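Per TrEMBL, Mn(2+) 1 binding site is recorded for Asp28, His112. The feature GMP binding site is assigned by TrEMBL to Asn111, His112, Phe113, Ile114, Glu115, His220, Asn221, Pro252, Gly253, Ser254, Met255, Ser259, Lys346. The Mn(2+) 2 binding site feature in TrEMBL is assigned to His129, His220. Residues or ranges marked as active site, GMP-histidine intermediate by TrEMBL: His276.
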Amino acid sequence: MRTWVMGATVGSVIPTLGAIIPAAVGVDIGCGMIAVKTQFQASELPEDQKILREQIERAVPLSAGSYNRKVVATAARRIESLKELAAKADFDPGSYAGNWELQLGTLGSGNHFIEVSLDEDDGVWLFLHSGSRGVGNRIAQKHIKEAQRLAKQYWIELPDPDLAYLVEGTLEFAAYIRQLKWAQQFALLNREEMMDRVIRQFSDWVGAAVIEQDRINCHHNFTEKETYFGKSVWLSRKGAIKASPGTPGLIPGSMGTASYVVVGKGNAMGMDSSPHGAAREYSRSRTRKSFTHDQLRAAMVGIEYRDTDAFIDEIPQAYKPIDTVMADATDLVEIKHTLRQIINVKGD
């Protein structure tokens, strides 16, 4: 289900021949989901869920300007791989964000979250949503502006400046692709790092090691080269997941509603893609004017979360019904599991 905005639409899949529109990927390059199915059942969990929520809040920096104070061992290995990738891509991530290493393993704010959820059989899942953080945003902004500069330089008239593109074969295109791929990998590893921290806190809470039954990590803001109807295209998914045959995916609902573990059916007309979640019904400012803290509390009954009016703009009623999204996506994905959260962690 799409959200209409200026420029590229959230929830769209855009194939381009010999060019890429940087704004079609968006500013949160590589944003996506990761989920781990544990061996635990709901009946095996301790009663005091607040303890785990607070442990996670201490282990993972949550808000937009919140970063790690130091690089921990697990992050160090991932950072080293990102340094090697940056060297191959011939660019310095530090030129975009001097603290990019401290950003790995941080959540961000808005609709990013960490959740403990139960599936239809009361199996316990760990679930989170995040992207490439500040460093990815700055990479995206730089190349969006570069595309717009080139459009003006060559007198290219566009319906909207955000539709400015970079042409394959140019130095500007090559630089964008290299840095885009780096940011996508940063986002992937950012989610892996956070998930590993959540697993450690969860294990401490239940008093036993987590044995992973499944782990799924997927982008919903990204570009890659694919072939459709005999044409090799750059396929930009903005607010859409890959849904090729047998590909696992994750589709979250809003705060307080169901999320889904899916498998792609492979629909060429849909370019092997699926919605990444429910779009907003209300803007954030309108949501704050339309709903109250008490309404948020009512919507979150039965879910352990930090009770603050900072989350009013994420109230479930601000989003379109996720059930409608899933009904519309029946020819794109098959639902394998329906998850309902019991613990929700968000940044301000």
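Cβ coordinates are placed from backbone N, Cα and C, and glycine is handled just like the others.
Heads up, TrEMBL stuff is auto-annotated, nobody curated it.
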Looking at the recorded positions His220, His276, Lys346, which one has the fewest other Cβ atoms within 10 Å of its own Cβ? Lys346
Roughly how many Å lie between the Cα atoms of His220 (Mn(2+) 2 binding site) and His276 (active site, GMP-histidine intermediate), rounded to a whole value? 6
Cα-Cα, whole number of Å: Asn111 (GMP binding site) versus Asp28 (Mn(2+) 1 binding site)? 12
Spatially speaking, which of the binding-site residues His129, Gly253, Met255 is closest to His112 (Mn(2+) 1 binding site)? Use C-alpha to C-alpha, please. His129
If you count, for each of the binding-site residues Phe113, Glu115, Gly253, the other Cβ atoms lying within 10 Å of its Cβ, which residue has the minimum? Gly253
Residue from His129, Asn221, His276, Lys346 whose C-alpha is spatially nearest that of Asp28 (Mn(2+) 1 binding site), among the recorded positions: Asn221
Neighbour-count leader, CB within 10 A, binding-site residues: Asn111, Asn221: Asn221
Considering all pairs of residues in Asn111, His112, Phe113, Ile114, Glu115, His220, Asn221, Pro252, Gly253, Ser254, Met255, Ser259, Lys346, annotated in the record as contacting GMP, what is the maximal C-alpha distance expressed in whole angstrom? 21
Inter-residue C-alpha distance, the residue listed as 'active site, GMP-histidine intermediate' and Glu115 (GMP binding site) (nearest angstrom): 17
Any idea what the Cα distance is from Gly253 (GMP binding site) over to His129 (Mn(2+) 2 binding site), rounded to a whole Å? 11
Are there any residues at least 6 positions away along the chain from Met255 (GMP binding site) with a Cβ closer than 8 Å to its Cβ? List them or say none. Asn111, Phe113, Ala299, Met300, Tyr305, Phe311, Glu314, Ile315, Pro316, Asn344, Lys346
What Cα-Cα separation, expressed in whole Å, is found between Asn221 (GMP binding site) and His129 (Mn(2+) 2 binding site)? 12
Applying a 10 Å Cβ distance cut-off over all chains shown, what neighbour count does His129 (Mn(2+) 2 binding site) have? 25
Within 10 Å of the Cβ of His112 (Mn(2+) 1 binding site), how many other Cβ atoms can be counted across all chains shown? 23
